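Copied over from Swiss-Prot:
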type: BINDING; residues: 248, 315, 322, 325; note: Zn(2+) binding site
type: COMPBIAS; residues: 1-20; note: compositional bias 'Basic residues'
type: COMPBIAS; residues: 1354-1366; note: compositional bias 'Low complexity'
type: REGION; residues: 1-37; note: region 'Disordered'
type: REGION; residues: 1292-1366; note: region 'Disordered'
């Protein structure tokens, strides 16, 4: 953070100008004399200055002693004064009631304007909020004055005023008013809290207040995290910026311009880049002098407006900043020390205020504030604009017609002759709003102007607000609105207003018509109460027999029997069981069906209604099922119902009894593979049902299953016989030979059995079941009708199990089921079938089953009228049991008129049905009596106060309907102002009810000036994000040409560049053009409004400059232009929050963001296209190419956001410890990168001493020892001479043989000491070394055989320019 300025004291300048010249970096000596005694109150600021003076003059020890003494002094007097705070100290200023009264008057006036349609809903909201904000500001002044005049020693006032604790914003809430609050979405609630905490809040206010307080807390939590992350990224990008050099010797500099002749703190601690002369050509400050406050004042006194200073942005030190470019270290106001980690200091200086700014909302408890420079007149008098004033009409956000200044000028209020006093001067900046006209006479305390602050760029956002209708009626547009249909990308058509205008709703009684109602009356008819306005009819779809039901609720049901089917050859028999009623169908031949449904239920088509109760297909036990050839089923199995039989045949059944047991083996009571009789106990309490051979399945001494298979067992050892059969079993037809001595006269199922004792075959009997092709059903019914749905019954046979399935069971199972299912044809899916039980026609004692399809029609009851519907009357047009045809009307509903009046129908579009109509009643009109001629005509729309005749004014809003000699009839209405670009939800002539949406107002609103918008903005700048809807920038300098298109909207903009090239720019709809026709523009200038895309800006600067200058200069200059704009943008955000950060910190960060260029074309260099590399490095490479005559590399400058810059640093350890660790390390490994451990982070991770502070000197020694005999290698890029090994193998540069070049390439021979240290470091014995570079050739020691030079190494050293060709 910047230190506050030392207190201005009389300075003793000891150094003379001459001595400064000789010794470039002298520090002006600070006065040792203390500031003179001042007899006035010392507040927080004065204390700050005192302590800072002591620290800068006398160092830490003395300052801390002084601070201690100050503390004792403070406590001593605080104890004696016994200051405390009680509730009585909170004094509410008397002016509060008046101020709130004034505000309420203004607001009711605003509401009235809104009611008259003079301002839009948005303007009303804005005006209300601004009125309260302004009242709040005035109340703060009242609080200050009240305390100052009436009670200057009030303890609350002393506390806030001295800076001990609290601030005016908090005191205002205690004794003024709490003010406006924001809701959780950040929108301001237009109901302010008028009370303060001293008076206490009402319940509503309390709830709203806690809303805002909650938002403050939540915001704080979120912002703290954001701010911390921002600091982390900043530290990461700048951690390796350390002051490593005394002076980089650059000749570049940046220019600082004075604002209003003042430099403020912007020159403090910087070194001048050149001598500064005053108007008489005397040197004011010589080159490389640090500027202290007194020098800064001298420069201002000499009215010098531009000063060139050295800056980290232009420092040419390699990978660091030199002392002179950085200037003072702001901790002690002396030149920065070598080894100072200025990057980290910069990162913390920018990141730390983020957290503070967060606290901003927190301390004011979420109360919203907004800054506006409203100027009020202090005297009454006449307004005079200066001669150069230029103004144009402007509608303010409050809907007030005002003037906007186009240029800066001065406005005077000259007092009237009788009132002697000084004229009031107001400096008006361009863009400010003026509420008075030139020459107008005004009173004192009138709002004259609203001056815009240039520096603060308030961010605006697009927002929308709905306009809701307050009364029912008919919509009319004013002509000025000029609605236009706009089609968006999805093809949706919306209606938009093009101009500011009113949308009227003219009163009337609007009726909603039911969906199928049609008006039976024509437009313009007079109607009485009870007249039928519209009729709706309900008709039958299919026709049939009518059944009238009892009424239910508010509607009656009419049923029409479309189809009915009675099962006349079945009796319906009801049985009662303990689980409920069961119904059976019995036919005359004795077959019986069990019904699955009960009368009174509804079923769908295809449902099974009954099952045949058939014992023929029931088995006694479980077993194995086989389909004999010829029996086929449909593939699909419905899991519940089994397989449908498509062709009858024989079903084979091999019974076997299976007991599933899961008990201990000790309970087994029989032996495996033994024959048992029916009734044998196999396991305790489990008995066999059949006789046969028993098989036991066990696992881990647990009995799993016991199977009993009937049949005869024959022992057999003949392999050939046994191999014919399997353990699963085979079917054997009658007459086939199985074993000698066994005759088979029927189908048998033969299984091979092997036990420990014997082997053999088990012959099992097979039961056969015959299945018919069709289910035997008594007469199947089918009912057919000419039109509409009909019904049929169908019998389906389904097999329960699939072929080869083993059914493990003791009880029997049903193998085949016969279902009765109902089918309906031509019915709609939502039609259900009703099941009914009816008495037989001939014999009342017999019940029959009846299936019907019903069409049900709900007929409305009569209703009494309500707000949106007229009363209705419904009549049935049919009787019970009547037969009706399809399309016959069953009932009609009439909509009746509520009150007498005039009917109007809306305009019909494309045969759309009419859904609403309106009746204009007597109470929707008023008559105004007139005596003289009317000044209005029929169809005019007037609001309160508009003249109807010269003497009579209108008392309400509405449209003139008729004018007679004695009166004017006005149809009441309500105007709504809509702004341009609003979306209209209704068309001209539409009918609306109260609460309908009329339009969506689109407007730009300022976001509350809170770091909530500050932090993201800083992040956006430092991450170099591409903003949405960015401004169109001029690519190259030239002259603007603007052409209007055919319609008013479209405009084409082109720039005529030099060589008469015309460059046309595509303009997006809704963008405002910021330049005028014929204006001269430079590359990078904004042509339209909107946020600027920094990447595009850099490209524009570079493309514009590279035609005029060499590539490297163009890159330098374009980067420097971008850097300046970035620094000022970041500063603007912080300044708007009242935070002071020294420019140099931001410069250090911006320097890191702009240090790289992207190679576009490598030329003959070893660089790769697309590689990101430092500008200085490319410059060196290209200089080498210029010497060797190769093609230089071409490049474009790039701007990297802080995250991207961190990931692109030379150190892969630092990058990997920041983000995307895996990717960074993988790439580094593949590319074979080396990390030279230059920054702080890498060294911390490796665990070495960091190369800053006290570790700096060791680092320098290590670097120089690493360079060995060639210290200039330190200036080389990170690879050093190892880069020679990375050259592409197929790559050679032919060195031109001119002697001039080779002579420049010869280096001074290293001294003997250099060679010695290098040999020692690498442990090289000169006698045994065969590497020529480490031995000095002399007369005896020519390149002898044993000292063969390594050709690759020599070539590498030559290419690096470390060895000459000779």
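Using the three backbone atoms N, Cα and C, a Cβ is placed for every residue, glycine included.
Mapped onto this structure are the features recorded in Swiss-Prot.
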residue: 248; record: Zn(2+) binding site; Cβ neighbours (10 Å): 19
residue: 315; record: Zn(2+) binding site; Cβ neighbours (10 Å): 25
residue: 322; record: Zn(2+) binding site; Cβ neighbours (10 Å): 22
residue: 325; record: Zn(2+) binding site; Cβ neighbours (10 Å): 30
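According to DSSP, residue 325 (Zn(2+) binding site) sits within a helical segment.
Cβ atoms within 8 Å of the centroid of the Cβ atoms of 248, 315, 322, 325 (the Zn(2+) site) belong to the same-chain residues 245, 247, 250, 310, 312, 314, 316, 317, 321, 323, 324, 326, site residues excluded.
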